[in-house]
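Trainee: These came from TrEMBL, pasted as-is:
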DOMAIN    B:21-109  domain 'PhoU'
DOMAIN    B:124-209  domain 'PhoU'
COMPBIAS  B:217-227  compositional bias 'Basic and acidic residues'
REGION    B:217-238  region 'Disordered'
COMPBIAS  B:228-238  compositional bias 'Polar residues'
There are 2 protein chains.
Amino acid sequence: MNSGHIVKSFDEELEEVRNTIVEMGGLAETQLEAAVRSLTERNTELALKTIEGDKAVDELELAIDNMSIRLLALRNPVADDLRLVISALKIASLLERVADYAANISKRVIALNTAPTIAPISSIPRMGEMVRRMIDDTLKAYTNGDSDLAYDVWKRDQDVDQLYNSMFRELLTFMMEDPRSITSCTHLIFMAKNIERIGDHMTNIAEIIIYQVTGEMPKEPRPKGDKTSVTMIDNETP
Amino acid sequence: MNSGHIVKSFDEELEEVRNTIVEMGGLAETQLEAAVRSLTERNTELALKTIEGDKAVDELELAIDNMSIRLLALRNPVADDLRLVISALKIASLLERVADYAANISKRVIALNTAPTIAPISSIPRMGEMVRRMIDDTLKAYTNGDSDLAYDVWKRDQDVDQLYNSMFRELLTFMMEDPRSITSCTHLIFMAKNIERIGDHMTNIAEIIIYQVTGEMPKEPRPKGDKTSVTMIDNETP
């Protein structure tokens, strides 16, 4: 295997790093889609398969790490090429966590499926689809070096945060009205939080792409929409 | 400032990266300690100060990134030195998130302090202290290249996970018995989860140290103790 690498040109090696990032991102996107679908379908088998699928993402991160370290050691890249390699290391670590979140959602689906449906799940697929599209566009922006599209993804994260805020409040209210739903709703809140975090990670990757293409970070401060850390719902008057 | 760097030797530059990691880790440890203390003291002022303190950690990550990229571009490190620089990039990104979790805990403290105490917080300081000591020992292991101590930290993460499991169950039960506590308990569950994640990140850093010192990863699979993703509490018989 390794002997094949030696005859590759520097540009081909850089291209291989880029392609592996896109492959890894595509896999992470599929994992998120499958995790959310296992919830809506109450499909424990799909959830188990998604948990198992996390390994493939981990292996791609390791492959990117090894390629990058090899490039750094043997090719001594500078300027834009060095930035590309460092970015790849960072993006791979973020994508690895995206897949971790998908696996965590799947674990919670398995738990939920052991009990009757008693909690409102409808916002989860909506959030999931918003964030899946963010992943998709982030990968397009990465492939094409499209900083406008990356900036668009960066701005969209606040919509995800807003949906998460309203879902957080809805689930708290639901638990208060029907305490039998507490365990299920708590899992749903964590699932929603996982999806919200995936959105955050796409924002991070979008910033890396914007910086790589333009040499600058977005000028505005990052739009921060997750207000749930400071949310209190008055339990006396639900 | 930069002109000062140019006259430094390669070893001095590597040493500066290592020192900045330790400084950043110390700051992250202080942030966690302050966040948990702001909870036990119901101290909103300290919580606000802790949120503000997150910026200093972010700046140190940026400093480590810049030092590392400079080193990679100008010094072309190989073998152990290259591994040290790549490890520093990874560790800095993990420590940045540790401080983020501390800031998130502080935000939730501010929310909790707007309502009367109605939820059991006692396990949080216990978990917080366990994990604070993990950070402390991780930094010692990093400074001294002590793979035994890193391995000890790595193993201790399951104790944190176990405490998190029991706290998760305790808080769910508490909510079922007293639905007025639902919002507060949900924030406490997230705080506990944040601390549990900090423990996970220390496990990751411990693995990086072990690999750097011994050239190998721990032989056993990572001890995984967080079972809460698959926890269901029977609401019919609380």
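Note: Cβ is positioned from N, Cα and C throughout, glycine not excepted.
Let's see these features in context: how buried, what's close, how far.
Mentor: Break the domain 'PhoU' (B:124-209) down by DSSP state and the numbers are 83 helix, 0 strand, 3 coil.
Using a Cβ-Cβ cut-off under 8 Å and counting only residues 6 or more beyond its ends in the same chain, the compositional bias 'Basic and acidic residues' (B:217-227) has close neighbours at 151, 154-155, 157-162, 164-165, 196, 203, 207, 210-211.
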Trainee: If you average per-residue pLDDT over the domain 'PhoU' (B:21-109), what number do you get?
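Mentor: Computed over the domain 'PhoU' (B:21-109), the mean pLDDT is 96 on the 0 to 100 scale.
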Trainee: According to DSSP, how is the domain 'PhoU' (B:21-109) divided among helix, strand and coil residues?
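Mentor: Across the domain 'PhoU' (B:21-109), DSSP assigns the residues as follows: 83 helix, 0 strand, 6 coil.
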